[in-house]
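Asker: One structure coming up, written as structure tokens, with questions to follow.
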Amino acid sequence: MKAGKVNTASRRPRFNWLNDLWPWLCAASVALSLLMLGALLALLLVRGLGHFWPATLEEVTLRSGDTFAGHAVREVELPQQAGDERLYFTGNQDIEGARWRWVTIEEIAERAQPTDLIRLERSPWGDFIGRLSAIEQDGQRWEGDAAWHRLATLLALPASQRQESQLLLTTVDGQTLRQPLASVVSAQAPNAMSWWQKTHVWGDGVWRFLSEGPRAANTDGGVWPAIFGTVLMVILMSVMVTPFGVLAAIYLNEIAHQGRLTRLVRIGVRNLAGVPSIVYGVFGLGVFVYGIGGSLDEWFFSDTLPSPTFGTGGLLWASLTLALLTLPVVIVATEEGLARIPEAQREGAVALGATRLEMLTRIVLPMAAPAMLTGVILAVARAAGEVAPLMLVGVAKLAPQMPIDGEFPYLHLERKFMHLGYHLFDTAFHGEDVQAAIPLVYATALLLVLIVLVLNLTAIFLRHYLRRQRGNEC
Amino acid sequence: MLAPLHSANTAQVPVAHFSSEHSCLSIDHLSLAYAGKAALRDLTLSVPRHRVTAFIGPSGCGKSTLLRAINRLHDLNETVTHSGKITLEGQDIHDPQTNVTELRRRVGMVFQTPNPFPMSIYENVAFGLRLQQRLPKRKRDDIIEWALTSAALWDEVKDRLHRSAWQLSGGQQQRLVIARTLAVQPDVLLLDEPASALDPISTLKIEELIRNLKSELTLVLVTHNMQQAARVSDYTAFLHQGELVEYGPTDQVFTNPRLQHTENYITGRIT
């Protein structure tokens, strides 16, 4: 006993620092994770949403006497203390041949922010930055402020009701341009706007990003087809994976003899969840697209061969591939839910004269519903963010037709579709104009995060609601 | 009738006998094993109609196993094997002709921990009824009121029939489970330590309920609590290590046991 005492006393000082410190280590790791998550969200929010804020236009005069107009995007330090270089977005690609301009700070002689500078969003050719001199329509002519008011009136009308007009535009270095109204999407004079007006323009920009289709090889315009494609694909996937996963889990947990084979199957299912997603893509391409799709084409669509109908990537095959990918998640979650139901509940039902099926459908499955829902939600969250397998089985850079339209049979499962994750990748790496793509990449990434967040929150509330309905938790 | 001898005893097992017209349930040379491990050894006894019969004995003596054998709950566990016969009102319960779900309706069971289903009080009581047949709502309401009244719960829950059953107290939950079982009008009610998870007041209510139900059906009670067995039961069977040691009228078993072994257990000298 005495020896033991001496022993503890001698050990104590050596480990003291760890005893005092370990809660702080744990807290620090939580804090670090939160900090990184917060930084990620903040970056996406600022860069993604900031893009739609009407930037102040500057008229820049260089020491060489050259002038141009645009808005400053960012500054980069030049190597070997050569000063800083600033990137301006200048637009006017049809006149200048480029939309961006790098100038060193030392070159700049003067910067002004005249209120009459305007920015036109056009299609084709993208933005114009300069001044509006006049508007001509059927021999009538408006100049100065009157021209600006006329333009605002015209743009407020729906596109089909706008009368054909010509805009006379002048760049800050004096070049002129005749622009037909038909190719103008929107116009703004950001330097003359109040804060409230800017907010309005910003909201409008965000709305158009969400509701319009992409333009100019995905470097401009909105992402509506991609949102639609993502959500539709995820819904189809859930419809396929839920019954399969739930039935499989019921078999494994309720029916199968709990022997070595069942344990092996269970381990197998759990490990399937860890298979890299691109492998599922390869499987989908080989089995669904070429195998099943090819056979379907031979049997039912032989008159259109060799151009494939189902024998190429499409919505159906993409949903099936992702259903396969998320199947383990649903099985594992449902199985855990089933295993948590107390034996007393099952025995109670059976003791009242319920058959095994009645016990399952009336007691066990309703009680396991929140767990199944958790599984489906995890599956949805995973499927919404998955890109790699989709590239093999049906996603498209630009899908000219939506997968649902007014044409029979309304839901076109063989069509290719757009997906936010792939859109993000394509915009970032395959665009012609990398500088223009950067803010869109942030905005799309933010959108993707928000969609997954919304899906998860829906599930959590639904589960909470189901539990509350039962009056207690299990 | 010669029962197997207890390991520590060479005397014949003292067993009460009932003529077939008084016997509701009879167990004939029943042996049962979990995955080959014997739990009940050649048990023979019969349970009188409209009486309370208590099974007592130390933990692991097989009293719950015996109870669960009576409504074939062991069917759920594929490792359980048995031999011997159980007859309910003259009908062999293991006969292929016997409908298991109908047997379980006739032999209700109440478990140690209250297990109301995660639904409203009303739906809990209606659960067994809905399994049997479609009843008009009025008839069903009447049966539910009768069952809850018989279980001495009606006055406490009549204003919140559609609230969750999980909001009730433990004692109320156990009475709800009894009402749920009564609703399908069983002939036999098996109670597996129904009050062991309850407070003393709730326990008294359950015991009173058991005494009142005697006029309606046959009750079999498994309990750890000697006083409870003495208070509510008419007959008592003492089991030890899967064998029946002594069986007789409760008064006699508690005041004048025929075997030393029974006396030792009842007086707390062995557990």
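In case you wondered, yes, glycine gets a Cβ from its N, Cα and C as well.
Sharing the record's features from TrEMBL:
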DOMAIN    A:227-459  domain 'ABC transmembrane type-1'
TRANSMEM  A:21-46  transmembrane segment
TRANSMEM  A:223-252  transmembrane segment
TRANSMEM  A:272-293  transmembrane segment
TRANSMEM  A:313-333  transmembrane segment
TRANSMEM  A:363-384  transmembrane segment
TRANSMEM  A:440-462  transmembrane segment
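A description of the local structural setting of each listed feature is requested, covering burial, neighbours and distances.
Answerer: Tertiary neighbourhood of the transmembrane segment (A:21-46): same-chain residues 442, 445-446, 449, selected by CB-CB distance under 8 Å and a gap of 6+ residues from either end.
Beyond its flanks by at least six residues, the transmembrane segment (A:223-252) meets 209-214, 262, 265-266, 269, 315-316, 318-320, 322-323, 326-327, 329-332, 334-335, 338, 360, 365, 372, 375-376, 379-380, 383-384, 395, 399, 402-404, 417-423, 444, 447, 451, 455 of its own chain at Cβ-Cβ distances under 8 Å.
Long-range contacts of the transmembrane segment (A:272-293) within the same chain, counting only residues at least 6 positions beyond its ends with a Cβ under 8 Å from a Cβ of the stretch, are 308, 310-314, 316-318, 320-322, 324-325, 327-329, 332, 386, 388-394.
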Asker: Within the same chain, where does the transmembrane segment (A:440-462) have neighbours whose Cβ lies under 8 angstroms from its own Cβ atoms, ignoring anything closer than 6 residues to its ends? I mean 6 or more beyond.
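Answerer: Same-chain residues near the transmembrane segment (A:440-462) but 6 or more away: 41, 43-45, 47-49, 51-52, 209-210, 218-220, 223, 226-227, 230-231, 234, 373-374, 376-377, 380-381, 384-385, 420-421, 423-424, 427-428.
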